[in-house]
Amino acid sequence: MQRLLTPVRQVLRVKRAMQEASFMPPLLPPAAHQRFSTVPAVPVAKADTWPKDVGILALEVYFPAQYVDQTDLEKFDNVEAGRYTVGLGQTHMGFCSVQEDINSLCLTVVQRLMERTQLPWDSVGWLEVGTETIIDKSKSVKTVLMELFQDSGNTDIEGIDTTNACYGGTASLFNAANWVESSAWDGRYAVVVCGDIAVYPRGNSRPTGGAGAVAMLVGPEAPLALERGLRGTHMENAYDFYKPNATSEYPLVDGKLSIQCYLRALDRCYTLYRQKIEKQWKQAGIERHFTLDDLQFMIFHTPFCKLVQKSLARLMFSDFLLADSDTQSSLYKGLEAFRGQKLEDTYANKDIEKAFQKASLDLFNKKTKPSLYLSLHNGNMYTSSLYGCLASLLSQCSAQDLAGSRIGAFSYGSGLAASFYSLRVSQDASPGSPLEKLVSSVSDLPERLASRKRVSPEEFTEIMNQREQYYHKVNFTPPGDPNSLFPGTWYLERVDELYRRKYARHLV
């Protein structure tokens, strides 16, 4: 028995010595166990130890080389003129043939980002993909993208795919920023990729489709810095939009519920963001409400442009309910009849919707409309929609116009997950500055959109039928001509009998 107890005594002796040397705290008495918490009394890391201004350093956008005109689609679908162009606020819709899938879209946008920035491939230490376009239930898009890093020998890259409807891109951006600010950061860049192919069966939902991808370079000293501590997030269980059928690209959609979920999430995220920024202000000695006036620009996840206009009006309504009733601001002139309402009781109130859309029109034109250029001409890009709006804003404004501004951003993914956060733009807009370079890099967006091929609704419908036919098919070469793609585009070359996909790049 003595021999058996000896090792235990040795362990206790070592533990006691460690306690005396202050390597570990002494064991707590039994009564204290109930009060024990792993939460430190003070922050582990001080603010001045974090990398400064972590955010978006560079940005690249990809969209397909063909589109269908929404006016043509209205005629083809035998609906009244204006249903898609006015009712949805859309003019054109980009789409992919069978030659392109989510892997090829992401390959293209990452390659373009790295070529534009001229960064070495081994300078990336984090790569994460946000998408809801799933073509394999196990193998991630991220693993396919690793092919781009093969020649550099860089396999030490963290991150993986993130999925929840249209929210995955934002989750990936937050994760990348968290990595840069963490003890795991090794000084390299993070790359965030978000992309999707949004397709619907023929009918009322089809005109809300689109396709595209965005890649963002994330690191410190960024011209678009994520404001620390200023995120309002709301998540809940809802069946507004979901994809339970793995044999089809098409979702199940409750359109009315989805819009209500979007607006409810917007209300709650905006309220939480307001509370957090007002708390920061209070600590700095500032006592006032946060309003839209504190955002120079406001971008939204954009299923269709008309919903975004309603959403900005919704934020104005939220500000209005908090404003003093005796406020003489001309902004709220004629709206006093709507005092005393509760946000949660007004989602179906058309009078409030119309009144605040009218009252907020100038704010919309100034703060949000410039961000809708890509959405207007390409449609919904799901996870990359919000970041396509960011690219549009940068392409429609000068560096001087953007310098020093705060950009509000609302991200929404059905099911549902949503966040409201903000980006602080660098003050330096001088020639050659990071901000000026970023703005210049997307200045060709209108020109690139104008260079696409216009396709008839008949041909568009045939291509959609082909996508149905080849979805999850094996041992085939996709129909189509690679020469119809933009130069430098990756495309699906073949799927073999074991579902393995081979990709090639169209000549630059």
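In case you wondered, yes, glycine gets a Cβ from its N, Cα and C as well.
According to Swiss-Prot, the protein has these features:
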- 1-37: transit peptide (TRANSIT)
- Lys52: N6-succinyllysine (MOD_RES)
- Glu80, Ala81, Cys166, Asn204, Thr208, Ser258, His301, Lys310, Asn380, Ser414: (3S)-3-hydroxy-3-methylglutaryl-CoA binding site (BINDING)
- Glu132: active site, proton donor/acceptor (ACT_SITE)
- Cys166: active site, acyl-thioester intermediate (ACT_SITE)
- His301: active site, proton donor/acceptor (ACT_SITE)
- Lys306: N6-acetyllysine (MOD_RES)
- Lys310: N6-succinyllysine (MOD_RES)
- Lys333: N6-succinyllysine (MOD_RES)
- Lys342: N6-acetyllysine (MOD_RES)
- Lys350: N6-succinyllysine (MOD_RES)
- Lys358: N6-acetyllysine (MOD_RES)
- Lys358: N6-succinyllysine (MOD_RES)
- Ser433: phosphoserine (MOD_RES)
- Lys437: N6-acetyllysine (MOD_RES)
- Ser440: phosphoserine (MOD_RES)
- Ser456: phosphoserine (MOD_RES)
As a test of the contact definition, list every same-chain residue at least 6 positions from Thr208 ((3S)-3-hydroxy-3-methylglutaryl-CoA binding site) whose Cβ is closer than 8 Å to its Cβ. Leu88, Gln90, Ala198, Tyr200, Pro303, Phe304, Gly379, Asn380
With Glu132 (active site, proton donor/acceptor) as the reference Cα, tell me which of the recorded positions Cys166, Lys350, Ser456 is the closest one. Cys166
On a simple 10 Å Cβ count over all chains shown, which one of the modified residues Lys52, Lys342, Lys358, Lys437 is most densely packed? Lys437
How far apart, in Å, are the two Cα atoms that lie farthest from each other among Glu80, Ala81, Cys166, Asn204, Thr208, Ser258, His301, Lys310, Asn380, Ser414, the residues recorded as binding (3S)-3-hydroxy-3-methylglutaryl-CoA? 30
Sort out for me which one of Asn380, Ser440 has the most neighbouring CB atoms within 10 A, since those are the recorded positions we care about. Asn380
Neighbour-count leader, CB within 10 A, recorded positions: His301, Lys306, Lys310, Lys333, Lys350: His301
Please list residues from the chain of Glu80 ((3S)-3-hydroxy-3-methylglutaryl-CoA binding site) whose Cβ is under 8 angstroms from its Cβ, counting only those at least six apart in sequence. Glu74
Could you tally the C-beta atoms, other than its own, that fall within 10 angstroms of the C-beta of Glu132 (active site, proton donor/acceptor)? 28
Per-residue Cβ crowding (10 Å cut-off), top of modified residues Ser433, Ser456: Ser433
Please list, in sequence order, the residues in the chain of Cys166 ((3S)-3-hydroxy-3-methylglutaryl-CoA binding site) that are at least six apart in sequence and whose C-beta is under 8 Å away from its C-beta. Glu132, Asp196, His301, Pro303, Tyr382, Thr383, Ser385, Leu386, Ser411, Tyr412, Gly413, Ser414
Reported as an integer number of Å, what is the Cα distance between Lys333 (N6-succinyllysine) and Lys52 (N6-succinyllysine)? 42
How big is the Cα-to-Cα gap, in Å, between Lys350 (N6-succinyllysine) and Ser440 (phosphoserine)? 41
Just give me the nearest neighbour of Lys437 (N6-acetyllysine) among the modified residues Lys52, Lys306, Lys342, Lys358, Cα to Cα. Lys52
Round to a whole number and give the Cα-to-Cα distance in Å for the pair Lys52 (N6-succinyllysine) and Ser433 (phosphoserine). 17
If H, G and I count as helix, E and B as strand, and all else as coil, what does DSSP give for Cys166 ((3S)-3-hydroxy-3-methylglutaryl-CoA binding site)? strand
